[in-house]
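To start, the structure under review is shown below, and the notes come after it.
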Amino acid sequence: VGLVYMFNLIVGTGALTMPKAFATAGWLVSLVLLMFLGFMSYMTTTFVVEAMAAANAQLRWKRMEKRKDDEDEDSSSGVSDSDVLLQDGYERAETRPILSVQRRGSPNIFEITERVEMGQMASMFFNKVGVNLFYFCIIIYLYGDLAIYAAAVPVSLMQVTCSATGNHSCSVGDGTKYNDTDKCWGPIRRIDAYRLYLAAFTLLLGPFTFFNVQKTKYLQIMTSLMRWIAFILMIILALIRISRGQAEGHPSMAQLSGIRNLFGVCVYSFMCQHSLPSLITPISKKKHVNKLVLLDYVLILAFYSLLSFTAIYCFRNDTLMDMYTLNFTNCEIINVAFIRYFLGLFPVFTISTNFPIIAVTLRNNWKTLFHREGGTYPWVVDRIVFPAITLIPPVLVAFCTHDLESLVGITGAYAGNGIQYLIPAFLVYCSRKDTQLVFGSGTVNKHLSPFRHTFWIVFVLIWGFSCFVFVTANIVLSESKL
């Protein structure tokens, strides 16, 4: 179940922008980069799992030290040993995953039984500057996420509703290139329709930022089900069109100018590191967790390749939309109106359920960043200021641009790069140093990454920093050409 959740978490909005990125970078370059970035993401996933185990060991060690001190005090004050043992057994049962409570014997000190989020690991293993940089990176990534979501929903609504009127009945994907200034309904232009939908989206979902979002289980189940139906439908429809000889795609092998966006999209599409503590901790038997996660990555790689290759051979490069679902709102592709509207509006349903959850996560990260020990915030700051600084910037970005491929590319290339490569590498390096200090150099972490040599940490750090430089240089050069 944990691995199914991981699959669902990774295969999200990024996958919908991947076909366009594949087409602009060329199929061979795209495939090689996708496989390499998948491998890098898997490596840093094993780093995070190792750091989680080290964090659990540290917490367990501190608890044991505290218990020893308490027992010393209790023995002098006359509390019986049986009371201490009963309490100790109860505490262990409460903090251990449900499925492993019944197991006999004391757990290994590196057993992952307690959920230690990335922020908590950062505060355990990093200094003050490192913790602040970590939160800065997470906050920028979540802002990018919200901006992508805030743009994707109005874009889908604009494309579906504007082409369902006038002479362009269901002609979104027929190769017609629309400008933002083209008419949508009467005097209203397409860009006006987009901004109207953005305003409605903000008014409907924005207020959730001011409250807590809980009990989303059934929403998540519905979203996952719709996602799978949509992805499978798109692959099948593209394969049918190719098999009938109606394919129009002639993708090139390599176009280096498209690598920047492809890199960002691929990094964004393999993102799961920040959610690993919630996914891995409840798994009962973690002995083969690294092998099972590898299997997950292989399946995701195969899925992304299948989705992207069917897309670039089915559709011409210039007709592929930023949001791939919109290519299926054309009557020539599918003449069943329900399927056309289901695929066209698919991002609206799925993204709308995720937007409030991510907004609340970002708001809580802001609160944690500015939190001072023992202090509380005034009501206005807590209930108005933090939600406002969470909601306004992504909506302003979405108001200024609806270029989804660039939004995903920049979010992935900068903040995604930090979360997926740099933070896990620093976490595992610092956790290994701390483990040696506390437990001695002979202690072996049972969840040690298969990439245990320091070379791999250095390799990830060099790769992460060189990606920052490459992407920035690429943006500067392309802007100077314009």
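Positions of Cβ are set from backbone N, Cα and C atoms, glycine also.
Quick caveat, the model's predicted, so the values are computed rather than measured.
The domain 'Amino acid transporter transmembrane' annotation in TrEMBL covers 6-52 (among others).
According to TrEMBL, the domain 'Amino acid transporter transmembrane' annotation covers 119-451 (among others).
For 27-57 (among others), the entry in TrEMBL reads transmembrane segment. Cβ atoms under 8 Å from those of the transmembrane segment (27-57) belong to residues 21, 109-114, 116, 118, 120-121, 124-125, 251-256, 258-259, 262-263, 266-267, 270-273, 276-277, 280-281, 289-290, 293-294, 297, 300-301, 304-305, 308-309, 312, 420-421, 424-425, 427-428, 431-432, 434-435, 438-439, 445-451, 456-457, 460, 463 of the same chain, restricted to positions at least 6 beyond its ends.
Outside the transmembrane segment (125-144), and at least 6 residues removed from its termini, the chain residues within Cβ reach (under 8 Å) are 51, 54-55, 118-119, 274, 358, 361-362, 365-366, 368-369, 393-394, 397, 407, 410-411, 414-416, 418-419, 422-423, 426-427, 430-431, 434. The transmembrane segment annotation in TrEMBL covers 125-144 (among others).
Positions annotated as transmembrane segment by TrEMBL: 194-213 (among others).
Residues 8, 11-12, 15, 303, 306-307, 310-311, 313-315, 324-325, 328, 333-334, 339, 342-343, 346, 349-350 of the same chain, all 6+ positions outside the transmembrane segment (225-242), place their C-beta atoms under 8 angstroms from a C-beta of that stretch. Taken from TrEMBL, the feature transmembrane segment applies to 225-242 (among others).
The transmembrane segment feature in TrEMBL is assigned to 292-313 (among others).
The transmembrane segment annotation in TrEMBL covers 333-362 (among others). For the transmembrane segment (333-362), the list of distant contacts is 12-13, 16, 139, 142-143, 145-146, 149-150, 152-153, 156-157, 159-160, 170, 172-173, 201, 205, 208-209, 211-213, 216, 219-220, 222-223, 226-227, 229-230, 233-234, 237, 241, 323, 325-327, 387, 390-391: same-chain residues at least six beyond its ends, Cβ to Cβ under 8 Å.
The transmembrane segment annotation in TrEMBL covers 455-477 (among others).
Panel annotation: around the transmembrane segment (292-313), residues 3, 6-7, 10-11, 15, 18-19, 22-23, 27, 30-31, 34-35, 38, 41-42, 45-46, 49, 231, 234-235, 238-239, 242, 247, 249, 251, 269-270, 320, 324, 327 of the same chain, lying at least six beyond its termini, place a Cβ under 8 Å from a Cβ of the stretch.
Only residues 6 or more beyond the boundaries of the transmembrane segment (194-213), in the same chain, are considered here, and those with a CB under 8 A from a CB of the stretch are 150-151, 153-155, 157-158, 180, 188, 352, 355-357, 359-360, 363, 383-384, 387, 390-391, 395, 398-399, 402.
Counting only same-chain residues 6+ beyond the ends of the transmembrane segment (455-477), those with a CB under 8 A from a CB of the stretch are 40, 43-44, 47, 259-260, 263-264, 413-414, 417-418, 421-422, 424-426, 428-429, 449.
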